[in-house]
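Novice: Handing you this structure, nothing more for now.
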Ligand code: AMP
């Protein structure tokens, strides 16, 4: 029996893969205009990085990590041995922790330096239950700005993300931007205590998991999908009533910059995001017309404590990530699919097989001149070669025939204009363009 892909994983076939490259290129262009430069970090990191960075009590760390095990370590485990913590490796479930690790390891933000503005693109891995828009391997594009606390960083990040979505073609009326501030280590503890006390008072209505969450990290309960928990949490204390003056000012300035850019948003005091490292600004963009229950197309926020958490100097940070597959679903809902683009500009056909060496030479010459060219590599009649050229959406077909070639000529058909002309074999490149 043929071996097939495990569920939660997807192949990107050529049209999709081409679209993905364009998607990343658009991000590189737009984010580049805001000063973001690319960084590529490995897809595997030491497990401890995610445990410390993302937080032990998060769903991502407690349930969804794919922990990689080498053959050697597997044998050690099967033999009842112990694997040292630095040999425990995990496929990255998100991009921020790895980028922050690299920034610290290579000292990319020396004291007093301008902030490092970094962008990444690539696959992430989470062992979630697969469904539409929720994969076990998915592709994210993200940015991280390390070394600046100013609200202008948060605002320009949000504006840049919205600009990317609109340039992709997601209509602005089909998405909503939710924003909130989660406070800082000064004001959040009191808020967390207030939520914990509120949850204790409503314990009988909450699910077991939320009652457990109330002990470790009560704010996680805002993400619970259970309708009874939702109803309880809807009336829970609001962070906005607990922010300290600095956090309130920071948040107000972020919103003022976003307002000035003409971007609309909804303030959502229940937005806490799934990862523990956020402080102050958090935001999420949801697709409204999406046919999928998984409608968060991107999100992020500020993480002023994360760098210290992974062992670096205190360095403020801000970042976001957006998901390629969910953007595709949102684009499809907006009637924007991907189409096959032509991969061949000139197809070189031959009247008979004896002319294949000349055809081979001509396609090489065309490629050297930067023209996408191809020829028949199988057993095909001229008619079938022309069909193939059509299928490849070739703009021109050069037909090599023995008599013409003896005179140094070749017939070129313009497949769009439906015209035909004879040009010198040695000058096909210049004659066509
Ligand atoms: P998160 O780190 O969970 O905020 O993820 C950032 C973005 O990545 C989300 O807004 C989604 O677009 C995308 N994403 C997260 N998890 C998945 C998943 N399991 N499958 C597909 N896309 C995802």
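Start at 1 and count along the chain as shown; that gives each residue its number.
A Cβ is built for glycine as well, from the same backbone N, Cα and C atoms used for every other residue.
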Novice: Based on TrEMBL, name the residue from 126, 129, 163, 248 that is recorded for the same L-histidine site as 94, 95, 96, 140, 144, 273, 277, 278.
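Specialist: Only hit among 126, 129, 163, 248 in TrEMBL's L-histidine site, alongside 94, 95, 96, 140, 144, 273, 277, 278: 126.
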Novice: To see if you understand the setup: which same-chain residues, six or more apart in sequence, place their Cβ under 8 Å from that of residue 273 (L-histidine binding site)?
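Specialist: Looking at Cβ-Cβ distances below 8 Å from residue 273 (L-histidine binding site), excluding near sequence neighbours, one finds 182, 282, 284, 299, 300, 301.
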Novice: Count the Cβ atoms, other than its own, that fall within 10 Å of the Cβ of residue 96 (L-histidine binding site), considering every protein chain shown.
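Specialist: I get 23 for this one.
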